[in-house]
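So the structure is just underneath, and the comments pick up after that.
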């Protein structure tokens, strides 16, 4: 049985199916309850086939250079701190990478709504052109402002603009297997995070910094051109808004007014009023801040405690390599056994715990500990990245996914803009004690992310703050409902 005016969704959850059979005499109550569960829609999903797998391949190729470079940020920061920006302070260099992270994550919002309405090709072309322009220009950078413009703005914004459609095309073709499909696509970035550091390390020594960056630019060109042709949306799932409800131009036909209207419609303010979406966004902000800052500073930590340069470099490589395997396995478990939110909650809690019990007390005791930490962290970190868009999709309609996902990551970008410099300020002069303090900060933020994802899940399954018929406060009942929701598969 379907809701009035709506076909039964193939991916409808069991709880929603039961609710859909409630008598229409309780229509208002029924609609309120359905809204609290994972969002069903009327679309059909291929769950495979030529177009679907080609879309995954296109996303994989697009993520290889854009997010592969993001995963090597720590290696890049460590290199330019010793060479091109050797006279700059740690906090100044941190601002370069803070701008890069902010532009990458914040610029999701520029392409999310456009993808929902028109598809992937144009935002992919724009993002790829910006990324490649910045990458080729990086070879000539020698000053802080050079790196802010080329790395922070061009490479960062180019990567972000292309990311929303690269994720969106996967969601268009997969629902039941979305976690696995997203893992396969985003593993392009993880593999890039293994290959690119090895490539740069070799080219820095043999060809020098300028040609190392240009060579990476040429390699990226081939991957990104292929991604434009392969990463295709399902036209049936493009959003068709009611006339006058989106992108309404109130100031005439000028380009500026049209652009401002687009930006206004791109950010989904209304979604932030939904507790399930708000807490999911807060969880994503905390998780991305913790992992991004860890990747940025783990190499410099290894040098401070006296490990070889090779160790600092290869620990990042091990971390990215294990993120490929761990990301796929955990995504498979999330799809088949435990639920996407449950796995995401557990991963973030574990990331915080291993920081407190492994990195903080034993990180300076030997490089072997850091290799082991990097391997465990990578396996969990890859899963966290893969499941972030899947969790957002779990509480969003597919034809609104791009807008809601890009809104989430726009806020993640602002978190990075403040969080990376805060981490740099905690590190200060770079003593071991200050690094211990920043490890505590990273780990606590990861645990907070797990708590926020748990709250998002509870609100998605059943709003624990709904007023009951009783006028008296029912705190034990609310607490019991929270516990019950937290144990359910979702």
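Positions of Cβ are set from backbone N, Cα and C atoms, glycine also.
TrEMBL: automatically predicted annotations, no manual curation.
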248-267, 408-427 - the range that TrEMBL marks as transmembrane segment: 408-427
Which listed span TrEMBL calls transmembrane segment, if the choices are 211-231, 463-483: 211-231
Same-chain residue ranges lying at least 6 outside the transmembrane segment (368-388) that approach it to Cβ under 8 Å: 179, 182-183, 186-187, 189-190, 284, 287-288, 291, 294, 298, 302, 307, 311, 314-316, 318-331, 334, 340, 343-344, 347-348, 350-351, 354, 358-359, 362
Recorded stretches the transmembrane segment (439-461) and the transmembrane segment (52-73) touching, at least 3 CB pairs under 8 Å: no
Criterion met for the transmembrane segment (277-300) and the transmembrane segment (179-199) (at least three Cβ pairs under 8 Å): no
Long-range Cβ neighbours of the transmembrane segment (312-334) (under 8 Å; 6 or more residues past either end): 71-72, 74-75, 78, 179-180, 182-184, 186-187, 190-191, 193-194, 197-198, 201, 295, 298-300, 302-303, 340, 342-344, 347, 367, 370-371, 374-383, 385-387, 390
Best-contacting stretch, by C-beta pairs under 8 Å, relative to the transmembrane segment (408-427) and drawn from 52-73, 93-115, 145-167: 93-115
